Each structure stands twice: as structure tokens, then as C-alpha cells.
Amino acid sequence: MRWPNVLSGVLALLPFSAAQSCWRDTTCSGPTDTAFPGPWEENIFAPSSRTLNPEKLFLISQPSKTADYAPFALHGNGSLVVYDFGKEVGGIVSVNFSSTGSGALGVAFTEAKNWIGEWSDSSNGGFKGPDGALYGNFTEAGSHYYVMPDKYLRGGFRYLTLFLITSGNVSAHIEDVSLEIGFQPTWSNLKAYQGYFHSDDDLLNKIWYTGAYTLQTNEVPTDTGRQIPAVAVGWANNATLGYGDTIIVDGAKRDRAVWPGDMGIAVPSAFVSLGNLESVRNALQIMYDTQNNSTGAFDESGPPLSQKDSDTYHMWTMVGTYNYMLFTNDSDFLETNWAGYQRAMDYIYGKLATWAGDSGDLSDTWTSRAAKLREAINEYCWDEAYGAFKDNATDTTLHPQDANSMALLFGVVDDDRAASISERLTDNWTPIGAVAPELPENISPFISSFEIQGHLTVGQPARALELIRRSWGWYYNNPNGTQSTVIEGYLQNGTFGYRWDRGYYDDTAYVSHSHGWSSGPTSALTNYIVGITVTSPLGATWRIAPQFVDLQSAEAGFTTSLGTFQAGWSRTSTGYTLDFTVPQGTKGNLTLPYISAAKPTIQIDGTEITRGVQYANQTATMPPIPTLQLRTAARAHTSRLTRPQCLRQPQPQSRLFITPRAIRNTSTSTSTSTSSASTKNPLRTTSPRNREQDLARTKRSMLISASGMVLCAVGMYAVIKSDVFGLESTTKGSDEEATADAEGEKNPNGAMKLDGPGGFPNTPAVTIIHGQEEGVEVETGTSSVPYFPSVIRLPRWIEGEQTPVGSGEEIKLTEGDKEKEEEYHLLGLGIRTVSFLHLQVYVVGMYVAKSDLAELQSRLVRTAVHPPHVEEGGEKVIANEVGAAAATSLVSMEREKLRDLLLDQAERGDEAWEGILKENGLRTAFRIVPTRNTDFLHLRDGWVRGITGRAKKYNAIASGAAGAGGEFEGEAFGEAMGVFKGLFSGAGQKNVPKGQTLVLARGSKGQLDVLVWGDKGNGRYMGRVADERISRLVWLNYLAGKNVSSEGARRSVVDGIMGVVERPVGTV
């Protein structure tokens, strides 16, 4: 991995730096340029200027029909327009407009689309209804300029509604709407991030930057806090929060107050992304300045809110102090507040002393106190029967998400209990996040931030990424949210009513949609997935311990006053490469995951390292590595047996290689050869071998095997040619075609065998959809048609109401013309066989249109979360449609249930596949290539028998359930069947030679088009069946229930589908 060219990135940012300014009269003390220029900067949501215009506008009656930002005219009383800034913003709005008379221009704000209109969403904390609107009065016709007063600064919104109040026939022409950004007041360049993250998963990239941008919106001028007590009408953000020019608060819209608990998540994420912690220092300082000097207790929140009596938030101020010192080593701050920190420790330990078993003299060190407290927690709160911690030391059955997550993160438990807690936490998961048992029906990204870090701490990275994708991914993809920040919380039914009945007084509009306490994935992805973190102030010591999961590459970096910390890894088919850069004079540990069961070989600058390496839990941990012995940049590489060539780096690099073979005893050898001949092979006998006897025995075995193979081949050929079982007549058009029963034909691992002969792969390596490219061939499992393309192209005109060619006419694809062709990707394939001899008929593969992959993902997720079932009356329904529609990904348990459902041979499997296929909007195709010469009538008869059989089955089910006929009968259905049969009987060419390609394409409205291609690329269009019921039944005959046309193909398609649903909707 090469770090990108730094110079070009810096030059690209110079115009931004010159063009921007800080907030009002604030001193510019923030960074002016990014520390890590690169392609990842495209994910930064921060605007390039402190003054910006909306991106779109729309009418409230048509919120889905948007237009680009432009002048707009309001006509008459109550007329309005909604402006969309495309992301969370905040500050002071100005409007240039003209009018034909007198009236007032109303201005309203909301973070979520749910509350667009003449009333702003809620923020003032009085819980007396929405915040209302601001009004700019004008008394005569002419040009006007409205600027909202500073005290009404709106800290967070995405949508701005302008509306006209007038008593006459007056119009107002909106000429310009602009916003002066009020957050991060000391930064002249809002894109000057001092940290970054990038991986091959775009959703994770976006989530990392939503957390970073949220933290930007939470760093506000110190004189823009929310007024307390709450104003009676509207809102006011002109209260003093602390000292200095900038301070970090809980949320952009509200509370706009210092909350130390929120900082437990916000500060580590701010460090690895924004880098500048001036706002954090000022927030912590105000907590020390308001500390109770007699007791040592901290307030729960900063002024003017200044809530008190929270031991939890008292301790979070102390944790925040530790984090701030770890990241900055601000000795002046520590010296100023050290006495207060000790008083705070005495205060909280006085409350915990009984738990820790120390009611008399206090222990000499805080470390011993912590150890005693750890023992007490495990003794009194552990629920052995359940396998997790209880909420308290009573007989409660509540097993909270927060306490158990923190137990993992803070190392309160041993390995066995950690594994149990990690598994138990998944019991709370829903399709859109983890419900907190301590706050029923609510999903808290704040607490889930601790959970993902807990899973990562105990070596469960797959669970962490799954929870990130389903929870934070759900909100990022939610069209009603900000699509740029992280939300305070939401309900498990997919609505934004977090805590609506627990402190928010039924006000669902009060929820903050830009809340720093939910930014946990930002630090987690850097510190645990890329794996780079500091372990002592400023990073004088550091650790790199990557965790891969399903990612192929990831990199991240951050800075301290010592310099730049950067690491990145990329995986290959044989191992992985790790690059890292750390400041000169620092030292750290590398903890490197194995790439096989064998211990790796580790080299630095060509020197093999064996001393001091510790091996545990499939990782190799290096001893502390001083950078005085290394150059400041290094490379770690894994491979199998061979040493790779390292690419030249833009700066000197140390190289560290890892191979999955056993480590030799010598530390000086750098060869990759095998061990010396003197080393005994434990599989070899100690008795001497006779070479002549070995050769004779081998030749005799080969002769016997060859003779047997020849005899078997001759016998099989004779049986087939003599047509002992009447197979030849069957293949020439018999109406009684037998299908292969694959039941019981399984590999040792339980997977269904393919229908191919021995000697070929039993499970073809179907290419995963993600990253599939044209030209990639997939093995089929038969020598007759050895490969299928992973990507095919079909003419776009098959989607039209009328086709440009008629039945039987020649067609030709224009290679590379994407405007005329649609790309389809392979899901799975198999072989159609007949009789108990499994004679091969054709290879069949299922493809899906590339642009419909997200739609397929969405249907699969909905099917897994709430599978359709039959209610009385025969109607198939999805229970809890809100939850099903909200889900964007599946956890492993849900994926396995989906697999079982799709392979189910009873009615449930039929219902699931029918639910996936029936709705319009999903284009798929079957590509069929005969393995032997056949004809259209033979193929047609097989499909017709399948259609007829399933139609009768489904009609009987419907008749029995509803007392009426099913959908697969009647005159229209009979006519459609006639059209289908005619496609194959009226063709100019009856025969289908071996190797010819036949494509059945199901369009977005269910229409069936049939196309044929020969060996030389010449093709014919055979025609269309417009009735979607025909194609649906053909598709179901390959995919659903019992006696499918090819069990191998069905299972391969399901395997491909499982690859599709491994990632959230829209990320394949």
C-alpha cells in the first residue's frame, strides 16, 4: 500500500483555506490544511465555505419531487417552499427577496424531513409544542433583506421552510437564501481534518465521516448555548457555556450544553478525526471550575443547565480528563486541575468503598482499588444462569446493554465470561440495531458505541461490524434523516421517537439528529479495525493490532504534537500487507493476526524476528519496537512460502514480512526454504525404503486403475447407445421426462453435490457479486460446457412496451455500448440432469441486472426479517411491515434463517420465492447452454410440465384456503400459455445444438423475453410473453419448493444470494 502524494492534496486545498474564514470575530486557532490528503476527502460532509446556499428545493405537497436551488416565487397567503441543504447545517440564515406588497416572511427549521412545514421541530426543552417560526415583516412592495437575529441561531437543521403571510394578493420572489455556518468557530478551513479512515466498504467509510461531521457541528461558539430556563415561546441560543472561543456540546440542535457522559464517546472520535481538541479542553475546564470543592463532586452537566447528583457523569468527567491527557499531554491543564481530580476520586471511591471491601483505611493505590471493585462486581452482579451481568446486586432479571458492554470494554471479566456476554448482547439485536433492555423499545447508538468497542476488545469484530452496518447504516440510508450525521436515538419500529415516553413528554420532534455521543464507530474503526491506537500520552507508545473481518483493505491516520500516526492493510489471496508510519522516537507493539494455523515468520528489514514474540489467540505480538531501531515507516507483509517484492515507497520504509510457516530456531536466517534435511518427517517410517519395490508397486496400481477406468467407460457407453432404459426416445420429445432426485446426494460437509460427473468441482466457485468484472469465467462442473461468464449483457429494448424486432428475427449486441445494453451478474449455476444416471441436459445460470442489485438486497432482507406466511383467506402478508421495510442488513442468524427458507422444500419456500419475484422492479435472467444436442420442443415440454404442475398446486392451495379459484387459471392464463408454447414451435430452427445459448429474461414488469445465440455470436429474438405469471412459474420451477429443475443450480443461486445479503442494501 502506498500513501498518496501529499503535495498535490495540499495544493488542492489551498483555495479553500484562502477563501474561508472563522466565525465572526473569533481568533482562528484551528488547522488550515488536512493532514492526510487523499480520495477519502470526498466523504467529508463539511462545506468548503462558511457561507453556503441550499442544494435543492421542493414543495411540501411533493417532497419527493425536488429541483435544484434557484429563485422561487411565493404567491398568496400560506404559500411556502422547502429548501434542502443536503446535510446537517447550522448558523444564521439570510434571505434576499422582493415583494409586490406588505406581509411577513416566515422561517422554520427541521433536521428531519418528518417535520417540514410552518413549525420548526423542537429544541427549547420546555415541551410545550414545536419551536414555531421566525418572521421577517415587510410593510411595502420592493426589495427586502432578512437576517435572523443572532440569539435565534439555529444550531442544527437540514431543511429550511420559507412561507408567506399576507392579507392581500401579494407575491414574494425569493432571490437568494444563504447560511453562515456557526459551528467549529475557530477553523478557517472546515475540511482540514487531522485524521482519516478509508476501506473497501463505502458504507463504513460514510459512517466514519458522519461521526466526524457530527462532532464538527457539536463544537460551537461559547456564547451560543441554549437558554435555561427554557423560553416560553420559540427558542434562544445565546447562553454562555464556558470560557474561550469554542466548546464541545452534546448536540447541534439541542441541548447545546456540556455533557461529560457524551464526551466518553465523542472525545476519542474527535481525536482520530478532527484532531484539534481545544473545544474538549474548554468543556472539561468548565466542569472543574464548577466542581463542588467541599465534596469533590462534579455537576452532571455544564452551565447554564448545571444538573447535579449523577455519579455516572461524575466519573465520565474523570474519564474525559484521562482521554484528553492521553491525546494531548497538556501538562498545564493537568497541573491546574490535579487537586480537583484527586478530590473527585476520593468522592466517588467513598461511595464505592463498601463494594470494594474496604470500609476502613483506603488502599495506597487506585489500581488496587480497581482490582477489588472488579472482584465485587463479578461476585455480586454476575448471573451465571444467563451468562451476563444483572443490572444490580438484587434478584432482577434485567441484563442491561450498557453495563455488559462496558464490562467487555473495561476488562472487568475473564475470557469465558467475555465470550458469554458478547454472545448474549446479540439477543437484543433487531434488523435496525440493538434494543437496550434498560430502555425498552429504544435503540441507543450511544450505548451501542460501547457495545461495538466491547465486541472488538474481546475479539468479535464480525459482530461489531454487523451492528455498525445495521444501526448506523440504517440511519445513514434513511431518506428522512440528515444523511450526514449520527442520531441521538430511535425506536425499534423505525421511527425517530426516541425516549418519547421516557423524559421527552411525547415530543418525537425533540430528538437530536446530530449527537456526538453516537459517534462511536469513528474511533472504533480506526483503533480496532485498522488497529492503530496510542497507549501513552501523545503516542509515545502505541499499538497496531488490525482486525480484518470481511474487509479487503483499510487504512487510517491521526496526528499528535509528536507527529503523524498512520497504518493501513490490504488482503490478498495469500495473506496481507501492513504499512505503518509513526513518529521518530516512539515505540510500540504489533499484534498481527495469523493467516493460517501455522505460526508466521516475521522479518524486519530482512532480519527474521523470533525473540520476544508472543503467540496467543491466533495472533503474534511483537515486543516493543523502538523507532530508533526502525525507520519511521514500516511494512508488514504476509505470504505463503515466498517473499514478495515490496513496492518503492515515497519515503524510506522498514519492511516486515510474515509467512504462515513455522518459525525456525535461528534468528539470522532469512531464507524461505524448508527445514534442513536432518529434520525428521514424523509421517515417514524409520525403516529404510526399497526404491525398486516402490516403483513396481506404483506401476501395478496404475495399471489396475487404468484398466478399471477403461472397462467402466466402455460399459457405460454400451448401455447408453443400446438405449436399454429407453432414454433416447425420452430425449426426443417424450411427455414423461424424469427429473433427477438430488435428495441425499451430499458432500461430506453436508452441501448438495452438483449433477456433474466425478473429477469436476462439486461446488463451482461462483464469483461473488461484489467486484465482479466482465471477462471472468466461472467453472460449471462439466467438460461439455466448462465455463459460464460472470457477466452478460442483454439489449435494453427488451424493457420497452414494443420490441424493435419481431419473433424469429436476427438480433445483434453492440459490445461496449452501455446505453443500449444492460449488464447482468451471475448469482449461481448448476446442471440440469435426467434419470437416475444423472445424464446431463444443460447448464443453467441465474443472473440479476446490476442496477437492480439493491432492489434484490432489499427484498431478501425484508423476506428474512419478516417472512411471508399464509393467513386465513389465503393472503400472503408480511408482519410488522415497518420493521421489515426499515431493515438494511442481516445478522448471521438471520442470514442462516434466510438460507433455510430459500431452500425449504415445503410451502414456506414457495411463498418466500414468490414474494421475492412477484413485485415489479426486479430484472433477472436464466442463461441455458445444452451439454448435448437437443431441440426447442424438448426444452419447451419440460417448462410446460413445470408450469402446469405448479399452477395446479397453487390453485389447489388457494381454493382450499379461500374457497375460490387461484390466480393461475382462466381464459387469460390459457392464452398466455398458448403464446409461450408458440415461441418455440414457430421458430425457423427446431434444433438446439450443444453449446448454443438460450436466454430467458424476466423484465421489470414480469414480461418474459426469449433470445438465442449461436457459436459465432449471431442471435435471434424468439418473442415475448407479456403475462408475468408465466415467467414467475418458470422461475419458481428453478428456485422454489420440491422437485426443482436442478437442485445444484438452486443451491448455487442461494449461495450467491447469501453473498449479496452479507452487505447492507446498496453496498454491493
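Glycine residues also receive a Cβ, built from the backbone N, Cα and C atoms like all the rest.
TrEMBL entries are annotated by machine, without manual review.
Per TrEMBL, the stretch carrying the note region 'Disordered' among 289-309, 730-750 is 730-750.
Mapped onto DSSP classes, the domain 'Mannosylglycerate hydrolase MGH1-like glycoside hydrolase' (351-428) shows 41 helix, 4 strand, 33 coil. Summarised by DSSP class, the composition of the domain 'Alpha-L-rhamnosidase C-terminal' (541-595) is 0 helix, 34 strand, 21 coil. When averaged over the domain 'Mannosylglycerate hydrolase MGH1-like glycoside hydrolase' (351-428), pLDDT in the model lands at 85.
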